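K.L.:
Before I ask anything, let me first share the structure, which is written out below as structure tokens.
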């Protein structure tokens with residue numbers, strides 16, 4: 001096993017522990033708590049994959065961080081912080097919408113890259129909007145936290161979420177996953193719209209109804225992917 005993989009996991013475990021202590025003092029805002037909850041799932045998945053105990057990894061991560069801080073001067077720390085662009089967190093869903101459980105009468109699930117797509121194929125003839133919580137950097141989508149499909153009545157009928165055991169995804173991965181979800185929902189004569197905010201940081205263009213305008217090549221690719229699978 002790569003030593004960098006192990007030490008990265010150890011540091012992530014300790015930093016999560018620090019953030020959890022911060023949240024326990026009721027100091028975290030909604031985006032902070034949302035990331036904390038999702039990072040916990042990711043760490044559990046990584047720990048299982050690597051075969052490492054999270055408590056032991058947290059202690060080792062503490063030693064690594066302490067050693068770095070002892071060697072770091074205040075001036076170097078200021079320069080590092082100033083040189084790293086800070087991502088922005090955009091929330092289209094409330095915590096209730098993100099944490100709400102939902103059921104599928106005819107479930108369909110597909111994994112593409114490190115993203116899991118789930119949808120209810122029993123839904124027909126509905127108007128559906130896709131909303132997401134995600135981070136952006138340099139005015140482009142950096143990381144998807146969670147995307148969900150809602151009917152006009154507020155029911156959840158689809159979802160795209162990162163797999164805890166496979167961290168990391170690209171903007172292109174998110175676009176492809178959205179295309180698969182849209183195609184699957186439209187298969188049953190549903191009308192699907194993408195929220196304006198999500199649209200702005202992915203394709204950066206839309207029609208008057210907020211429908212994503214996929215490039216022709218990508219649209220053909222999505223059609224070939226969707227027809228035999230959904």
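Residue numbers in this text run from 1 along the chain shown.
Each residue, glycine too, has its Cβ placed from N, Cα and C.
Remember, predicted model here, so these are calculated numbers, not experimental data.
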K.L.:
State the residue range annotated as motif 'Nuclear export signal' by Swiss-Prot; the candidates are 127-136, 137-146, 147-156.
P.N.:
137-146
K.L.:
Which of these ranges is annotated region 'Disordered' in Swiss-Prot: 87-110, 207-230?
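P.N.:
Swiss-Prot lists region 'Disordered' for residues 207-230.
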K.L.:
Given 34-38, 39-43, 44-48, which one carries Swiss-Prot's motif 'Nuclear localization signal' label?
P.N.:
34-38
K.L.:
Let's see if you can do this one: DSSP helix, strand and coil counts over the motif 'Nuclear localization signal' (34-38), in that order.
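P.N.:
Per DSSP, the residues of the motif 'Nuclear localization signal' (34-38) fall into 5 helix, 0 strand, 0 coil.
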